[in-house]
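To keep things clear, I will list the structure first and then write my remarks on it.
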Amino acid sequence: MAAPLVLVVLVAVTLRAALYRSSLAAFISERVEVASPLSAWKRVVEGLALLDLGVSPYSGAIFHETPLIIYLFHFLIEYAELVFMVSASGNLWSFSLVQFKKQKLLIELDKYAPDVAELIRTPMEMHYIPLKVALFYLLNPYTVMSCVAKSTCAINNTVIAFFILATIKGSAFLSAVFLALATYQSLYPVTLFAPALLYLLQRQFIPIKPKSKSFWLYTMQYAALYLCSLVVIICLSFFLLNSWDFIPSVYGFILSVPDLTPNIGLFWYFFAEMFEHFSLFFVCVFQINVFFYTIPLAVKLKEHPVFFMFVQLAIISIFKSYPTVGDVALYMAFLPVWSHLYRFLRNIFILSCVLIVCSLLFPVLWHLWIYAGSANSNFYYAITLTFNIGQILLISDYFYAFLRREYYLTHGLHLTRQDGTEAMLVLK
């Protein structure tokens, strides 16, 4: 396992180093699919220039990253490429997923039907999960482009990856700290609090029951760790800048969506056409999508927090205000973990083709709109809408496959009616 993994890392690093030295680096860094107003490297450079002049980087409307990011690159600007290549190694969290699967299997083996042996993954299949995750993450074109463009999304992904690793390992303290860092960076990861808490409760064998005293005690402990970590990070940012200007410039910018630069998200076109009078209402409606699904998913998937985390990451990447392909790459790194669901997926080939074709058409339609003048914004938003619908259907397909497999595990593969004839499973 170690040798193939090292080979994958070497190939990934070599590919990124070659692209950094090529003429494609400048082209990729300008792509709106790769760099958003929040994560674009040129905006970080602009913020650094203002900081060097003794001016607050948040005094204008250019820089919207967090203070910790700007001070990180203030000291490491000469090694920026190395920082992004190191951050691309966020797939290390995958090593602990095998331990989770084995633990879950041993706990629930007696609950499974006797004829579902073919649905249980073998140790050999689980052994290769880390390598598959490394391939999906490090060699994913979305990840490569984010790294080459020096999009700060790559750093956000690394923080989330370490949060997942800490959670899977059962470290409540590190999990809360990295979740606070992820929330501090981009706000939306606050929704990952629920799956992390559910997993930690499960690992501690604490029943997930509202009437349980131990449930509320552990929940309050984890929430206190998270909130204290977040307060400490925000206060540290204040002491670095001696100002609270970063709060409206970062979090106000994320929530109010004032910059309507085209991207792969759902916000920009809709609000470019929206009357100003109605914009506040519809901003609230759009923003609530990221948070709305957390409670029903927590109820439905309370016994499966890792899959809940996967779905929640996908929801964030689809419905956040300024998404990039780097956000998509993060949840796609999870797909090999659910390879045992492939037999139950209904539209995986069609949806894969949709996502690939959309990815290829993004620069084509952008060129026709901006440079050739033979198209307009409707064309580009149409392909953006198709891309996001493809993601939604992909996650829905995986959700359906997961629920179907869980049903078979409990009731058996060969379902029969009361009269003894074969039955067909229909999920509604």
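Even glycines carry a Cβ here, placed using N, Cα and C.
According to TrEMBL, the feature signal peptide maps to 1-25. Long-range contacts of the signal peptide (1-25) within its own chain (CB-CB distance under 8 A, at least 6 residues past either end) are made by residues 81, 84-85, 88-89, 127-128, 130-131, 134-135, 138-139, 144, 147-149.
Per TrEMBL, transmembrane segment is recorded for 68-93 (among others).
Under the heading transmembrane segment, TrEMBL lists 159-180 (among others).
Sequence-distant contacts of the transmembrane segment (186-202) (same chain, at least 6 residues past either end, Cβ-Cβ under 8 Å): 38, 156, 160, 163, 167-168, 170, 172, 175, 179, 208, 215, 218-219, 222-223, 226, 251, 254-255, 290-291, 294-295, 297-298, 301-303, 305-306, 308-309, 312-313, 315-316, 320. Annotation comment: TrEMBL describes 186-202 (among others) as transmembrane segment.
Among the features that TrEMBL reports, transmembrane segment is placed at 223-244 (among others).
Nonlocal intrachain contacts for the transmembrane segment (250-271), taken as residues 6+ away from its ends with a CB within less than 8 angstroms of a stretch CB, comprise 32-33, 36-38, 61, 64-66, 186-188, 279, 282-283, 286-287, 318-325, 328, 362, 366, 377, 380-381, 384-385, 387-388. Sequence annotations record features per position, and here TrEMBL assigns transmembrane segment to 250-271 (among others).
The transmembrane segment annotation in TrEMBL covers 278-299 (among others). Listed as Cβ neighbours of the transmembrane segment (278-299) (distance under 8 Å, sequence separation of 6 or more from its ends, same chain) are residues 188, 191, 194-195, 198, 255-257, 266-267, 270-271, 308, 311-312, 315-316, 319-321.
Positions annotated as transmembrane segment by TrEMBL: 344-366 (among others).
According to TrEMBL, the transmembrane segment annotation covers 378-400 (among others).
Counting same-chain residues at least six beyond the ends of the transmembrane segment (378-400), those with a Cβ under 8 angstroms from any Cβ of the stretch are 262-266, 268-269, 310-311, 314-315, 317-318, 328, 338, 341, 344-348, 351, 354-355, 358-359, 361-362, 365-366, 368-369, 427.
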